[in-house]
Amino acid sequence: MANITRMANHTGRLDFILMGLFRQSKHPALLSVVIFVVFLKALSGNAVLILLIHCDAHLHSPMYFFISQLSLMDMAYISVTVPKMLLDQVMGVNKVSAPECGMQMFLYLTLAGSEFFLLATMAYDRYVAICHPLRYPVLMNHRVCLFLASGCWFLGSVDGFMLTPITMSFPFCRSWEIHHFFCEVPAVTILSCSDTSLYETLMYLCCVLMLLIPVTIISSSYLLILLTVHRMNSAEGRKKAFATCSSHLTVVILFYGAAVYTYMLPSSYHTPEKDMMVSVFYTILTPVLNPLIYSLRNKDVMGALKKMLTVRFVL
């Protein structure tokens, strides 16, 4: 907050202008309705998944505990950007103060970083379940799961605490127009009138590290899973193992692919329009897709949903 105040004193201005999605749309009202519906579906889908996991005893396992954490992150993730964007469209306002921008940036970085590490933790959980089934209850007991989940949230917040203060401390005098629908680090950094090349290099290295550690864990886990599945004699066992892992791999590819584009590709690959479309995909659409991916192909989740609906219908 002190850095943001110093920045405001230096520039004499405290508001950014979010250019957003709606300026380029021929039908902004229709786009607003679509995004609002998607937002509600994301919240309701993830909330239902959390409720099912909490209420159904058959889903009280480490795998579903981590899925519930992912749903919680997705609900917070989409809530950081979409409500502000829709409210601005309704009110006809596109300004965001520096403190609000910094807070949005911090929450976004924290949640994105936490999800990176959570997806790696989920891959490790699948490795233990498939490769060491007899030791699974001991290796992944409730205390270990809580520790791993807490570690994911903590490591994600490190990214937010590192990048947000530095980004918001730069003097902004070229322009105050953020060509994005929220305060994303690259979109804000480009507005600075000071030399940010060193910071961009450090940010790149930080993002590589944030991606490299989880990707290494995920790759190693699935390599060992493939070796174990290959040695299985039971075709049914192979099918179940692949079904369990395919949902997680789908989410990993969607989320990490978008992150690699945003933070690791050279600036020559980027345009404001491309960046916004990619951001729409992983900040708005991914939270909608995750509960569908984890539930539609999961017999236990669908069984719990049918049971809950049957009980409510009978009552």
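Here the Cβ of each residue, glycine as well, is placed from N, Cα and C on the backbone.
Here Swiss-Prot flags 1-29 (among others) as topological domain 'Extracellular', drawing on sequence analysis.
According to Swiss-Prot, the feature N-linked glycosylation site maps to Asn3 (among others), an assignment based on sequence analysis.
Taken from Swiss-Prot, the feature N-linked glycosylation site covers Asn9 (among others).
Here Swiss-Prot flags 30-53 (among others) as transmembrane segment, drawing on sequence analysis.
Mean pLDDT for the topological domain 'Cytoplasmic' (54-61) in this predicted model: 88. Among the features that Swiss-Prot reports, topological domain 'Cytoplasmic' is placed at 54-61 (among others), with the record citing sequence analysis.
According to Swiss-Prot, the transmembrane segment annotation covers 62-83 (among others), on the basis of sequence analysis. Sequence-distant contacts of the transmembrane segment (62-83) (same chain, six or more residues past either end, CB-CB distance under 8 Å): 35, 39, 42-43, 46-47, 49-50, 53-54, 104, 107-108, 111-112, 114-115, 118-119, 121-122, 125-126, 129, 140, 145, 148-149, 152, 181-182, 244, 251, 283-284, 286-287, 290-291, 294, 300-301.
According to Swiss-Prot, the topological domain 'Extracellular' annotation covers 84-104 (among others), on the basis of sequence analysis. The list of residues near the topological domain 'Extracellular' (84-104) in space but at least 6 beyond its ends in sequence, with Cβ under 8 angstroms from a Cβ of it, reads 1, 4, 7-8, 14-22, 28, 32, 35-36, 39, 164-165, 168, 178, 181-183, 188.
Annotated disulfide bond per Swiss-Prot: Cys101-Cys193, in sequence order, evidence recorded as sequence analysis. Using a 10 Å radius centred on the Cβ of Cys193 (disulfide bond) and all shown protein chains, the other Cβ atoms total 12.
The annotation transmembrane segment is assigned in Swiss-Prot to 105-124 (among others).
Packing against the topological domain 'Cytoplasmic' (125-143) from elsewhere in the chain are residues 62-63, 66, 220-222, 224-225, 228-229, 241, 244-245, 248: each is 6 or more residues past its ends and has a CB under 8 Å from a CB in it. The topological domain 'Cytoplasmic' annotation in Swiss-Prot covers 125-143 (among others).
Annotated transmembrane segment per Swiss-Prot: 144-162 (among others), in sequence order. Sequence-distant contacts of the transmembrane segment (144-162) (same chain, six or more residues past either end, CB-CB distance under 8 Å): 62, 65-66, 69, 105-118, 121, 124, 206, 210.
Taken from Swiss-Prot, the feature topological domain 'Extracellular' covers 163-199 (among others). With a cut-off of 8 Å between Cβ atoms, the residues of this chain six or more beyond the topological domain 'Extracellular' (163-199) that come close are 3-4, 6-7, 10-11, 13, 15-21, 80-81, 84-85, 96, 98, 101-102, 104-106, 108-109, 206, 262-263, 270, 272, 275-276, 279-280, 283.
If you look up Swiss-Prot, you'll see 200-223 (among others) marked as transmembrane segment.
Secondary structure by DSSP for the topological domain 'Cytoplasmic' (224-240): 13 helix, 0 strand, 4 coil. Here Swiss-Prot flags 224-240 (among others) as topological domain 'Cytoplasmic'.
For the transmembrane segment (241-263), same-chain residues at least 6 beyond its ends with a Cβ under 8 Å from one of its own Cβ atoms are 63, 70, 112, 115-116, 119, 122-123, 126, 129-130, 184, 186, 203-204, 207, 211, 214-215, 218, 222, 225, 228-229, 232, 269, 275, 278-279, 281-282, 286, 289-290, 293-294, 297-298. Taken from Swiss-Prot, the feature transmembrane segment covers 241-263 (among others).
If you look up Swiss-Prot, you'll see 264-276 (among others) marked as topological domain 'Extracellular'.
Same-chain neighbours of the topological domain 'Cytoplasmic' (54-61): 68, 300-301, 303-304, 307-308, counting only residues six or more beyond its ends whose CB sits under 8 Å from a CB of the stretch. DSSP labels the residues of the topological domain 'Extracellular' (264-276) in these numbers: 9 helix, 0 strand, 4 coil. Spatially close to Cys101 (disulfide bond) yet at least six residues away along the chain are Phe16, Met168, Ile178, Cys183, Val188, judged by Cβ distances under 8 angstroms. Long-range contacts of the transmembrane segment (277-296) within the same chain: residues 21, 35, 38-39, 41-42, 45-46, 48-49, 67, 70-71, 74-75, 77-78, 80-82, 108, 180-182, 184, 247, 250-251, 254-255, 258-259, 261-262, 302, 305, each at least 6 residues beyond the stretch ends and with a Cβ under 8 Å from a Cβ of the stretch. Cys193 (disulfide bond) falls within neither a helix nor a strand when secondary structure is assigned with DSSP, and so counts as coil.
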